[in-house]
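Over in TrEMBL, the protein carries these features:
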BINDING   C51, C54, C154, C188  [4Fe-4S] cluster 1 binding site
DOMAIN    51-201  domain 'NADH:ubiquinone oxidoreductase-like 20kDa subunit'
DOMAIN    221-299  domain 'Cytochrome-c3 hydrogenase C-terminal'
BINDING   H226, C229, C249, C255  [4Fe-4S] cluster 2 binding site
BINDING   C264, C283, C286  [3Fe-4S] cluster binding site
Amino acid sequence: MNKFSRREFLKFASFTAASLGLSQRVPEVAQALEKAAKGQPPVIWIQGASCTGCSVSLLNSVHPDIKEILLEIISLKFHPNISAATGHVAVEAFLGEAEKNKGKFFLVVEGAVPTKDNGVYCSIGEKDGRELYFSDVVKELGEKASAVIAIGTCAAYGGIPAAEPNPTGCVPVTKIIDPQKVLNIPGCPPHPDWFVGSLAHVLLYNELPETDKFGRPKMFYGGIIHDNCPRRQYFDNSIFAKDFSEPGCLLLLGCKGPVTHSDCPTRLWNGGVNWCIKAGHPCIGCTEPGFPDKTGPIYEKMPEIKLPGISASADTFGEVVGAATAIGLGAHLIGNIATGRLGGHKKKDKEGEN
């Protein structure tokens, strides 16, 4: 097998080149990973305030599949969903592995970290007769790990558990561990390729991939959904659906594609079969730092904004959630704003119809 150069790796991993997705187009990744992972790097996976959806999503990895990942590429030392041990035995298992592999293992954190009242709202076991809080475990294991992967929006940015009123004080992993050590793989859930591809980069080049200012790997989150949306031609021609039974751009029905960073339109989901907008549903912006508070309501269009010389409806929302600036929406979006073709707020539209 030929060794992949960094340029070649980024080319097939990037959303700009992966028209069929990493797992669909590049079975060689499995070979590259296997070659790079001689000795099988230890991985400890822990879960906090989460639904385990990120773990379930990883099961849908194609090339390499989950069997290859677990048996040939990494050495999964602990995962709560598949752990045969329970109670203090399980706790001793992952704490022991962390100590034994100090400075060598990857820590994968799934779920937000509850911190209110010293973290009492997420206890994951006992040690020496006292409760072991998730926040303490993340800190302890994070300091010992060689790198930390915050998988899913909950771990990366707080996500749903951190939504208002956030009674348990949930925070992202980067509030507990040095952000320079953390790679964020957001998504609710994240695509399995985003995790596997990032892992491939680390194993092949012994360093984290280049990230944006929100800690996301640029090779997967470098562009916005709007740029490659299959309904883009509707947007360009100012055809906006006002009901889900109508053809057209889904912007007025709440689509957050213009400010959401990911390669979903080119990578696709479920083994390259479908994805949200292709299935007729607006993008909900689940890879962004402000999800869900700043991206909701799901079925309402983005809030009114003011651009230089323009007062219209679309989005600086991107600035609010840190997703994109108005420039990032593209010339077509600005053109539609400037000409008033997007109209006012949904609520005002309805009032005008009555």
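Glycine too: its Cβ is placed from the backbone N, Cα and C atoms.
Keep in mind the model is a prediction, meaning the values are calculated, not measured.
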Candidate with sparsest Cβ neighbourhood (10 Å radius) among C51, C154, C229, C264, the listed binding-site residues: C51
For the domain 'NADH:ubiquinone oxidoreductase-like 20kDa subunit' (51-201), the mean pLDDT of the predicted model: 93
Euclidean distance between Cα atoms of C229 ([4Fe-4S] cluster 2 binding site) and C54 ([4Fe-4S] cluster 1 binding site), Å: 24
[4Fe-4S] cluster 1 site shell beyond C51, C54, C154, C188, criterion: Cβ within 8 Å of Cβ centroid: S50, T52, G53, E110, G111, G152, T153, A155, G159, I160, P189
Under 8 Å by Cβ from C249 ([4Fe-4S] cluster 2 binding site), same chain, sequence gap 6 or more: R231, R232, Y234, F235, I239, F240, A241, C255
Cα-nearest neighbour of C229 ([4Fe-4S] cluster 2 binding site) within the listed binding-site residues, C51, C154, C188, C264, C286: C264
Chain-mates of C264, C283, C286 with C-beta within 8 Å of site centroid, [3Fe-4S] cluster: G187, I225, K256, G257, T260, S262, W275, C276, I277, I284, G285, T287
Listed binding-site residues among H226, C264, C283 whose Cα sits within 10 Å of C188 ([4Fe-4S] cluster 1 binding site): none
Binding-site residues compared (C54, C188, C283) - the one with the fewest other Cβ atoms within 10 Å: C188
Among C255, C286 [binding-site residues], residue with fewest other Cβ within 10 Å: C286
Neighbouring C-beta atoms (10 Å sphere around the C-beta of H226 ([4Fe-4S] cluster 2 binding site)): 25
Length of the line joining the Cα atoms of C283 ([3Fe-4S] cluster binding site) and C154 ([4Fe-4S] cluster 1 binding site), in Å: 18
Rounded inter-Cα distance in Å - H226 ([4Fe-4S] cluster 2 binding site), C286 ([3Fe-4S] cluster binding site): 14
